[in-house]
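Lifted from Swiss-Prot, the feature list:
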{"type": "REGION", "residues": "1-31", "note": "region 'Disordered'"}
{"type": "TOPO_DOM", "residues": "1-38", "note": "topological domain 'Cytoplasmic'"}
{"type": "COMPBIAS", "residues": "12-30", "note": "compositional bias 'Basic and acidic residues'"}
{"type": "TRANSMEM", "residues": "39-59", "note": "transmembrane segment"}
{"type": "TRANSMEM", "residues": "68-88", "note": "transmembrane segment"}
{"type": "TRANSMEM", "residues": "116-136", "note": "transmembrane segment"}
{"type": "TOPO_DOM", "residues": "137-207", "note": "topological domain 'Extracellular'"}
{"type": "CARBOHYD", "residues": "ASN165", "note": "N-linked glycosylation site"}
{"type": "TRANSMEM", "residues": "208-228", "note": "transmembrane segment"}
{"type": "TRANSMEM", "residues": "237-257", "note": "transmembrane segment"}
{"type": "CARBOHYD", "residues": "ASN273", "note": "N-linked glycosylation site"}
{"type": "TRANSMEM", "residues": "286-306", "note": "transmembrane segment"}
{"type": "TRANSMEM", "residues": "321-341", "note": "transmembrane segment"}
{"type": "TRANSMEM", "residues": "378-398", "note": "transmembrane segment"}
{"type": "TRANSMEM", "residues": "420-440", "note": "transmembrane segment"}
{"type": "TRANSMEM", "residues": "454-474", "note": "transmembrane segment"}
{"type": "TRANSMEM", "residues": "499-519", "note": "transmembrane segment"}
{"type": "TRANSMEM", "residues": "536-556", "note": "transmembrane segment"}
{"type": "TOPO_DOM", "residues": "557-600", "note": "topological domain 'Cytoplasmic'"}
Amino acid sequence: MGTSEHVPLPTDEAKAKELEQSQHSEEPDRGQWTGKFDFLMSMVAYAVGLGNVWRFPYLCYKNGGGSFLVVYMIFFCLAAVPIFLMEVTVGQYLQKGAMEMWLMCPLFRGVGIGNVVIAFMCIAYFCVIVAWAMFYMISSIAWVFPWETCNNYWNDATCVTGKENFTELARIKALVASAGGHTQTSVEQFWEKRVLHDTGDISEFGGIQWELFFIMAAAWLIVYFALWKGITQARKFVYFCALFPYVLIFILLIRGLTLEGAGTGIYFYLKPNATRLLDTAVWKDAGTQVFYSYGVGFGALIALGSHNKFNHNCFKDAITMCFINGCTSITAGFAVFSILGYMSHVAQKDISEIVKPGVGLAFLAYPEVASNLPMKQVFAVLFFLMITILGLDSQVCMMEGLFTALEDAFPILRKYKKQSLGIFCLFFFCIGIPMVTHSGSHWLTLFDAYGASGYALLFVVFFEVVGLAYGFGAHNIRKALHEMIGVTLPKGIEYVWKFCAPATSLVLFVFCVVYYHPVKYPDGKDFPFWANAFGWFLSSCSMVVIPGYAIYYLFFTNKHLTLKERVRKGLNLDGSFESPAKKNLVNNAEELKFIESSSQ
C-alpha cells in the first residue's frame with residue numbers, strides 16, 4: 001500500500017483571497033478609486049473647465065453683474081446641487097454607467113442613451129478647442145507676438161494694431177471705408193486668417209488647417225494614454241489636471257488685481273442691477289450656465305461615482321465639489337474682469353466694447369491684453385496652458401463617462417480596452433477633422449449650440465431627474481445614501497428631487513425654445529437655413545431616443561405581459577432593485593463568517 005502525500009488545507013487568508021477572486025471573475029473588473037481624494041479630484045478635473053474661466057464671467061457682466069449672481073445662486077440651490085448629488089449617489093450605489101443603470105427602470109433607458117449622445121457631441125469638438133489653445137501657447141513663445149503687428153503675410157490693408165496715432169488711424173479707416181470695407185485689428189486677423197484660415201461661410205470647407213490637424217492628433221494621443229489603463233489608474237494625470245489650473249488662476253488673479261484700471265473691471269463685474277431680475281434672458285443664461293458648468297446630464301458623474309467603493313462618502317465629496325465649482329467661477333470672474341478693466345483703461349473704451357461672447361472672449365480679448373502686460377510671454381503661455389489643461393481634463397473625464405456606459409452595455413469592450421479605446425479615439429479624431437478645416441469654427445459652433453448644450457441638455461436632464469425621482473424613487477436615493485455612508489438627509493430633499501429640480505429644468509427648456517434665435521456668424525449674419533436645420537437634427541438625436549426607447553419597450557418587449565404590466569415593470573413600481581456592491585459586501589461577510597466558523 002503506497003504512502004499518500006499530505007495536502008495542506010488552505011488557510012483562512014487563502015480562502016478569503018480565493019473568494020475575492022471568484023467574485024471578481026463573476027463581475028467584470030470596473031476599476032475602483034484607490035486614494036482617498038481620487039474621486040473628488042476626478043470631479044474637479046471634469047466639472048471645472050472653460051465654462052468657469054470665461055463663459056461665467058462674460059454672462060455675469062452681460063446680465064447685470066450682481067443680479068446674475070443672485071439668479072445663479074437660486075439655480076445652484078434648486079438644481080445644480082440636488083441633481084449633482086443624485087447622479088453621484090445613484091452611480092455609486094448601482095455601480096453602473098449611464099446606460100445600464102436604467103435597467104432598474106427600463107422605461108427610462110432612453111435617458112441613458114441620451115446622456116451618451118450628448119457626451120458624444122461634446123467629445124467631438126473639445127479637442128479642437130484644445131488645439132486652438134495649444135496653437136496660441138506655441139505662438140506665445142516669441143519676443144514679438146505674431147498678433148501684435150500688421151506686417152505678417154496674412155495681414156491685409158484693413159489691418160490696424162490699435163497703437164496707431166489718431167491721424168494715421170483716421171486715414172486707414174477712411175481708406176478702407178471708401179472701398180466699402182471695415183478695419184480689423186491685428187488680433188482679429190491672426191485669429192481668422194492665421195489660426196482658422198476662416199472662409200467666413202460654413203458651406204465652404206476650403207481645405208484642412210494642417211497645423212491644427214496635427215495638434216488635435218497630439219491632444220487625442222494624450223487623452224488615449226491617460227485612459228488606456230482606466231481612469232482609476234491615471235491618478236497623477238487627474239491630480240495634475242485638477243490642481244494645476246488653480247495655480248495659474250491665482251497667478252492671473254494676483255497680477256490682474258495689481259493692474260491699473262482693475263477696479264473698473266471689478267465694478268462692472270459685480271455692479272448690481274435689480275431691474276434685470278425681471279429679464280427672462282438673465283434667468284435663461286444663469287440656468288443653462290449652471291447645468292453646463294456642473295456637468296450634469298452627460299453621464300460622466302454617474303460613471304465617476306460608479307468607480308467608488310460602496311461605503312465611500314460621496315455626499316461630502318459632492319457638496320465639496322459644488323462649492324469648489326461655484327468658487328472657481330466667481331474667482332475666475334475677478335481674474336478676468338480685473339484684466340478687462342485694465343484693457344478698458346489702456347484703450348479708453350467702455351468694457352462693453354471690449355468683451356466679446358463665446359470663444360472670441362478667450363482667443364481675441366486675452367491675446368490683446370497680453371501684448372500690453374509686463375512679462376507678456378510668461379502670462380500668455382500660462383493662460384493658454386491653463387485653457388489647454390482645462391480642456392484636456394474635461395475631455396478625459398467625459399470620454400471615461402461615455403466609455404464606462406458602453407463597457408457596461410457591451411462587456412467585451414472592457415476585455416479589449418486598449419484596442420477599443422484606441423478605435424473610439426480615432427473615430428472622434430475623424431469626426432473632429434471637419435472642425436479643423438477653413439470653416440471648422442462654424443461647425444464647432446453648430447455642435448456646441450445644438451448638440452451639447454441648451455435644448456438637448458435641458459430636455460435630457462428633465463427626464464433623467466423624473467426617471468430617478470419617480471422610477472428609482474426619491475425616497476430610495478435618500479435611503480441608498482444612508483445605507484452607504486450612514487447620512488440621513490432631511491425629508492425635504494425628496495421634494496426638491498421630485499418637484500423643484502424637474503420644474504427648473506423644464507422651465508429652462510421652455511425658455512430656450514420660446515426665445516430661440518438661429519445661430520449666427522461672428523459678424524451677426526444668420527447661418528444658412530440648412531445649417532440650423534442640421535443643428536436641430538443634432539439636438540433631436542439625444543431627445544428622440546427617450547420617447548423612442550419608451551415606445552420600443554412598451555410595444556416590442558415582454559409581449560407575454562399586458563400593457564399595464566409592462567408599464568408597471570418599466571417604471572419599477574414594485575421597487576425591486578439591489579446594489580451589486582451591497583450584494584458583494586453581504587456575500588463577503590456571510591462567506592467569510594462561514595470560513596471562520598468552519599476553521600474553529
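Cβ coordinates come from backbone N, Cα and C, glycine included.
Look at ASN273 (N-linked glycosylation site): DSSP puts it in coil. Within the same chain, the transmembrane segment (454-474) stays apart from the transmembrane segment (321-341): fewer than three Cβ pairs sit under 8 Å, each pair at least 6 residues apart. Ranked by number of Cβ pairs under 8 Å to the transmembrane segment (116-136), the listed stretches 39-59, 208-228, 237-257, 286-306, 499-519 are led by 208-228.
Contact counts against the transmembrane segment (286-306), taken as Cβ pairs under 8 Å, peak for 39-59 among the stretches 39-59, 237-257, 321-341, 499-519. As a quick check, the transmembrane segment (499-519) and the transmembrane segment (208-228) miss the bar of 3 or more Cβ pairs under 8 A, pairs 6 or more apart, so the two do not touch. Residues belonging to the topological domain 'Cytoplasmic' (1-38) score a mean pLDDT of 53 in the model.
The stretch with the most CB contacts under 8 Å to the transmembrane segment (321-341), chosen from 39-59, 68-88, 208-228, 378-398, is 39-59.
Tallying C-beta pairs under 8 angstroms between the transmembrane segment (237-257) and each of 39-59, 68-88, 208-228, 378-398 places 378-398 first. Sequence-distant contacts of the transmembrane segment (68-88), counting only residues of its own chain at least 6 positions beyond either end whose CB sits under 8 Å from a CB of the stretch, comprise 43, 59-60, 62, 270, 276-277, 282-283, 285-287, 289-291, 294, 296, 301-302, 304-305, 314-315, 317-319, 321-322, 326, 330, 461, 464-465, 468-469, 477, 493, 496-497, 500-501, 504-505.
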